[in-house]
Every structure is written in C-alpha cells, then in structure tokens.
Ligand SMILES: O=C[C@H](O)[C@H](O)COP(=O)(O)O
Ligand SMILES: C=C(OP(=O)(O)O)C(=O)O
C-alpha cells in the first residue's frame, strides 16, 4: 500500500529534475543506491521530532544553517569543523539569550542538489544543479547530468555524517571552549563593544554553572541533526525505512533527519509535496512572498494530518521589504487551523541581488531587516518566532555585502567561493547571532508576560 502510494507520488509532475541522458544507467544507479547504507537512523530522527515538538510549543528554538550547496571538494574535516563550530557558537549565544534550548540542524551530509531559476547559464551551458547532478565547471561535458554522481553524493554524505558526529561529540560539546571563541569575536569585531554586555552575562552564567560543578558538557550539547532540500527524487526515494510507529505506516528517510521542500518545487499538485506526505520525518516547506494563506493551510492539512506539534516547519523567505505585509495573514490563518507548526525565518533567499560587478550577493542589513520583521510579526500576533535558517560558513569568505567590516562590492572577488548562493562569513554570522539574541531575549520576556 505504502509502496503504491510512493509510485503514485513519484508519477506526479516533478519540477527541477535533471534530464539524465541514459535512463537505463540511471535505473542501475538507483538500484545500487537502494542497497547502500543509510546515513541517519530512525531513532535519531524520532529524537529530532521530539525536540521540534518543543520548538512548536514555544519551549525551544530551531537553528538551521550551513552551505548553500555542499560540494564534494569541500567535504573535508576542516570545512565541516568550521561550519559546525559556527552553528554551535551561534546556538550557544541564542540558548543563553532565549533561556531555552536551541536545536541545531546543519545543512549537511546531503545538501548537494540545487533548484535553479534558469535551465541555462549566461554562456548558454546547462546550469549547475549541484554536485549530485553535474559539475560547476563550465563545459558541456561537465554540465551534462551524470547519475553516477548520486553514488558519490551518498558516499560523501556518509563520510560527512561520520565526521559531524565525531566533531560534535569530541570537539564542540564544551560550551566554555565555544564561548572563548565568541569572546575572540567580540574582542576583534569593529562592533564587538556593542555585544560586550551579552558576552559578559554569558561568561557569568558559565562561571555560575562551573560553581555548581557542571561544565555543561551534556549529551544535548553534542547533538547534531542534518538536513537538506528533498529535491532530487531519484535519490530521495532510494533510501527509505518503513516506519510503523505512528498513527499510519510511513517511510522514514535514511538520508537525513529533516528534509525540506523548496520554493520552486512546493506545487500542491506536484511530486515533491506528495513525496513529503509519505515521510514520518519532520518536514519543512519554504514559503516565498507569493504564498497565500489558503496555500499555507493546505500544506498544513496535507503534511500534518495528525496535528503533531513540530511535524511541519513553515520556512518563510519573503524578503526584507515584504515580510511584515505577507507573513501576518499566513500566520493568522494557520494558527486558526489549530496546528502547531514551527515558524522559521530564512532571511537569505528573499534578499538575493546581483552586485554592480556581477556577483550574486545579499546585503547584511537586508538579512537583519527580514529577521527583525519576522520577530515583529510574531510579537504582534502572539506566536512563537521558532527558528532561523541561514546560509553561512565558518570560513572567511567574501560573499555577502555589509556587516561590521562594511564589505563592499569591490571586496566580493577576494574570497567568493560558494558554488551557488552567497553565504554569511563567520564574522557576519556572529554579528547576526548577537543581534538575534537581543530579539530572542525580548520575545522570551513577552512570552513569559503573556503566560502570566
Ligand atoms: O540556493 C538556492 C537556489 O538554488 C538559488 O537561489 C537559485 O538560484 P538562481 O536564481 O541563481 O538559479
Ligand atoms: C533553494 C533554497 O531555498 P528556496 O527554495 O527558498 O529558494 C535553499 O534553501 O537552498
């Protein structure tokens, strides 16, 4: 029955899929993938579901982030350490500000497929669709979709997951060490003085905990969950466990704990939403500025049929100029439906622009403005601003404009390394973290006042 539903889901129109040149070879690769080892376990995914239920109830915060596009070349321990370290450092600042747990979900171990606006690039070549499909190198041969890349993606994801588990357990579980790195940011950033008070308060809290005899190295501190966009359906549908623990039999993805459906593939009649309906994993749906409140309620109805808190995350990416106008009626209508979704802000994808010198970029001030608008909307409506979804790296790239160092267009070429969209660098990310910390602290106060 479930297998038949899967066949029916995949028979629906699927946007953004590659035209594999040799279907027989693709089928052979998919058969091989079905035999491959899973990247994550259902028990881990169930643990994330429980953590996300707390987020949906307003008792925790979801922090998701990482590269726009993972690449095979950058799948190295140092790169993962930098990105995971950044995620954990941001999480520490936000945990302290919110006085609530932060659930860390990396864009990692599978974020290899990219939806694109145009099928061809400026040179007339097939566009780069992520390392799982073709190569970024600008030649016709390299851009031709190659199904064998799905096997390479799986092997890379398995390696990344093993590293991520080890790095988070052995290197990033000590809040004191993370805090020391954050203090270095505060000491060296041109806007560090602005964040000194927050850093000192965190310092005091950590010393207080040490006084109580705990360094805070808990199992929760070393946890990490992974996520990616469920875009390439040949890959996503190849590794599924049967999951009979819930109210109806479903599949649990063996490829990631959390999967999201992107803005370009969220059509209600399409294969991606139908596929997501068959998963027991927590699911995200990106909602852009054209989303209507009625559509949002339909996602809730289809993807959260049993009204499970945190099962669905609605990831708004409206753009800084539209968030205050477009988001409120959506939040109101979904709230009235009685479902407890997670409201997450992706301040990246609605704020992309092309610089005068031809780089795809984003302005730091626009990113902050969208997050501020998101918090304002939820404060106004009395709902929980439950999470943040960032494209960010712990490396010192020059891809987004602005921030404390005032990165300008002329700075972009120096270290513009992304394979797709521009990421915040480590310093811009920490500046954002301290800014969001203030917003979160405020929202916690309002939450407590309302609860009284
Ligand atoms: O990461 C996201 C998408 O792949 C991206 O925003 C689409 O980018 P494009 O407009 O450059 O194709
Ligand atoms: C493509 C992405 O986002 P969106 O679907 O919101 O454009 C992404 O998060 O990588």
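In case you wondered, yes, glycine gets a Cβ from its N, Cα and C as well.
Annotation comment: TrEMBL describes 68, 349, 391, 421 as Mn(2+) binding site. Secondary structure at residue 391 (Mn(2+) binding site), taken from DSSP and collapsed to helix, strand or coil, is strand.
Under the DSSP three-state reduction, residue 263 (phosphoenolpyruvate binding site) is assigned to coil, being neither helix nor strand. Taking all protein chains in view, 20 other C-beta atoms sit within 10 angstroms of the C-beta of residue 263 (phosphoenolpyruvate binding site). Sequence annotations record features per position, and here TrEMBL assigns phosphoenolpyruvate binding site to 107, 263, 264, 286, 317.
The closest partner of residue 68 (Mn(2+) binding site) among the binding-site residues, by CA position, is 107; the full candidate set was 107, 263, 264, 286, 317. Long-range Cβ proximity for residue 317 (phosphoenolpyruvate binding site), meaning a same-chain Cβ under 8 A and a gap of 6 or more residues, is found for 263, 286, 287, 288, 345, 346, 347, 348, 349, 350, 389. Residue 68 (Mn(2+) binding site) carries neither a helix nor a strand DSSP state and counts as coil. The most densely surrounded of the binding-site residues 391, 421 is 391 (count of other Cβ atoms within 10 A of its Cβ). Excluding 68, 349, 391, 421, which define the Mn(2+) site, the same chain contributes 348, 352, 362, 418, 420, 422, 423 within 8 Å (Cβ to the Cβ centroid), listed in sequence order. Only 317 of the binding-site residues listed as 107, 317, 391, 421 bring a Cβ under 6 Å of any atom of ligand 2; the order follows the sequence.
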